[in-house]
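Enquirer: Below are the features listed in Swiss-Prot for this protein:
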type	residues	note
BINDING	Gly116, Thr117, Gly118, Thr119, Gly120, Asp139, Trp168, Asn182	S-adenosyl-L-methionine binding site
BINDING	Asn182, Pro183, Pro184, Tyr185	substrate binding site
Amino acid sequence: MRAADALRAAVPRLAAAGIDEAARDARRLLAHAMAIDPARLTLHLPDPLPPEAAARFEAALAARAARQPVGQIVGERLFWGRRFRVTRDTLDPRPETEGLIEAALAEPFATVLDLGTGTGCIAVTLLAERPAAHGIATDLSPAALAVAAENAAALGVASRLELRLSDWFAAVPERVDLILSNPPYIAADEMAALAPEVRLWEPHLALSPGGDGLDAYRAIARGAPAHLRPGGRLLLEIGAAQGRAVAGLVEAAGLARVSVLPDLDGRDRLVSARLPAA
């Protein structure tokens, strides 16, 4: 069987399983099975598909038909132009989270704290973009911290990033220039409506704090003033309907210059605030 024939058969199979981007996902999984760069797949479609590659492709298709995310199947996800290892112990880095990176890089910083780091994509990216900066990244999951450590090492920032097992600020006595977080923010009653890729395959600890979805923001807002240097910034990713509530929590904690920033689709995506300089 040629690779092209395997791809042609795979697309309707994934579509029948409810995969919206069946052709895109089939191509990515075939490239993974053939151990080639996805950008070069078209050049190899006329090639015979070796039995071992065919077996890998079949296993990958079965996993995707069961709605496992492509990133988990291939073991990596692109974020800000870099490849990050992902597992079932971490959320896949989302394109919308790149808005946090863009906002963070708009001003200088020497020290950064990433709360609930997961894959480490936020902290690692910021340190890779700012070679003189140092950071701390926390998570409640030892397994997630292990993934973050792999990514920090692979992308050359391990010597400048300290990973800590911590419930938000519990293991962080320091003050920093910049605090960021993409915390769990799905309300308990919204979990059932999530896509199967998220609801069935990603860690619920990283998705929802339970209740109204705001508990993580309450904890971060309470702790941020004691962990920011004067003039330091807080950047939080939020759900589309949470802008007013999260901004209110941050203002009540004593931070200033609080604003809600939209994503490229015009939906509320970030809350930005600053500790007064004096």
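Every residue, even glycine, has its Cβ placed from backbone N, Cα and C.
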Enquirer: Cα-Cα separation of Tyr185 (substrate binding site) and Gly120 (S-adenosyl-L-methionine binding site), in Å?
Expert: 18
Enquirer: When a 10 Å sphere is centred on the Cβ of Gly116 (S-adenosyl-L-methionine binding site), how many other Cβ atoms does it contain?
Expert: 24
Enquirer: Write down the Cα-Cα distance for Pro184 (substrate binding site) and Gly116 (S-adenosyl-L-methionine binding site), rounded and given in Å.
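Expert: Gly116 (S-adenosyl-L-methionine binding site) and Pro184 (substrate binding site) have their Cα atoms 9 Å apart.
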Enquirer: Could you tell me which of these binding-site residues, Trp168, Tyr185, has the fewest other Cβ atoms within 10 Å of its Cβ?
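Expert: Comparing Cβ neighbour counts within 10 Å for the binding-site residues Trp168, Tyr185 gives Trp168.
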Enquirer: 10 Å Cβ neighbour count around Gly120 (S-adenosyl-L-methionine binding site)?
Expert: 32
Enquirer: Might you list, by sequence position, any residue in that chain lying six or more from Asn182 (S-adenosyl-L-methionine binding site) with a Cβ less than 8 Å away from its Cβ?
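Expert: Those within reach of Asn182 (S-adenosyl-L-methionine binding site), by Cβ under 8 Å and sequence separation of 6 or more, are Arg94, Thr97, Leu100, Gly116, Gly118, Ile122, Leu236, Glu237.
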Enquirer: Around the substrate site formed by Asn182, Pro183, Pro184, Tyr185, list the extra residues of the same chain whose Cβ is within 8 Å of the site's Cβ centroid.
Expert: Gly116, Ser181, Ala206, Leu207, Pro209, Ala216, Tyr217, Glu237
Enquirer: Fill in the CA-CA distance, Thr119 (S-adenosyl-L-methionine binding site) to Pro183 (substrate binding site), as an integer in Å.
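Expert: Pro183 (substrate binding site) has its Cα 13 Å from the Cα of Thr119 (S-adenosyl-L-methionine binding site).
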Enquirer: Measuring Cα to Cα, how many angstrom lie between Pro184 (substrate binding site) and Thr117 (S-adenosyl-L-methionine binding site)?
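Expert: Their Cα atoms are separated by 11 Å.
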Enquirer: For the binding-site residues Thr117, Gly118, Thr119, Asp139, Pro184, which one has its C-beta crowded by the most other C-beta atoms within 10 angstroms?
Expert: Thr117
